[in-house]
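Pulled from TrEMBL, these are the features on record:
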TRANSMEM  71-90  transmembrane segment
TRANSMEM  96-116  transmembrane segment
TRANSMEM  137-154  transmembrane segment
TRANSMEM  160-181  transmembrane segment
TRANSMEM  186-207  transmembrane segment
TRANSMEM  213-233  transmembrane segment
TRANSMEM  253-273  transmembrane segment
Amino acid sequence: MVKKIEQLRSDAGEKVERLRDETGEKVDRLKAETGEKVERLKTEAGETVDRLREEASALAARVKPRFRGVIHYYSFWIALALGIVLVALANGERQTIAMIIYAAGICGLFGISALYHRHNWKLERSRAWMRRLDHSMIFVFIAASITPFALLILQGTLAVTILAIAWGGAALGVLLTLLWVNAPKWLSVAVYVTLGWVGILAVPQIFDALGWAALAGLALGGILYTAGGIIYAIGRPDPAPETFGYHEIFHSLVTGAASAHYAVIVLLVLPFAS
């Protein structure tokens, strides 16, 4: 009897231990499965949040301020008309080529900008490519603005150097825009401003040819371009985001700067028209 009792106790103890082991294994397995589920849910939640952020960003880009692109839309038509005037005033092949390059550059800048900003692009791929084209045209316009001075005022090595820097920089800028889609604004603006102020190398020659009025116009344009670039880079001031925000201020300053430089271009071409 005593032996049977001991045997029963031993069997019962083994069963208890076995049950403890099995229960522990089940608990560990459930913990592991729960942890995996939690991690999977965290990952899925993170991906969902990222996707929603991207969709919100794309939606915000499509919901444009009321005046987005309006300034450059009207600037395009004015630039087209005034560009025709410049070409008409030019005398001879060299001057005509210079004015055509300048007119094409400024019309391309305002025209592409107006098209990109005024149209509601439904396909994200189309919008992204138009954005690249819009930003690329800034580099082309800078080079086109420098070209008339290099062709009509500068001589020899300096003329070639200025043209090489302007168009070489424009080409590199376009490549930067096309290849580095998410480049920070400050970097693009830094390249714009640096390339734009290359013309300072020709100040003595421009002064000799056109005088203080031309230098004042070029300086005013350069300051307006620079101020606009800084505002675009920092996104401030942003007075009325739904109607007239920082981007519209940037566009206004670009238009003002282009107007100042156009006046200088007129001074440049008038002697040849007389």
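Just so it is clear, glycine is given a Cβ too, placed from its N, Cα and C backbone atoms.
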Are there 3 or more C-beta pairs under 8 Å linking the transmembrane segment (213-233) with the transmembrane segment (160-181), counting only pairs at least 6 apart in sequence?
no
Between 186-207, 213-233, 253-273, who has the most Cβ pairs under 8 Å to the transmembrane segment (71-90)?
253-273
Result, the transmembrane segment (213-233) in contact with the transmembrane segment (137-154) (3+ CB pairs under 8 Å):
no
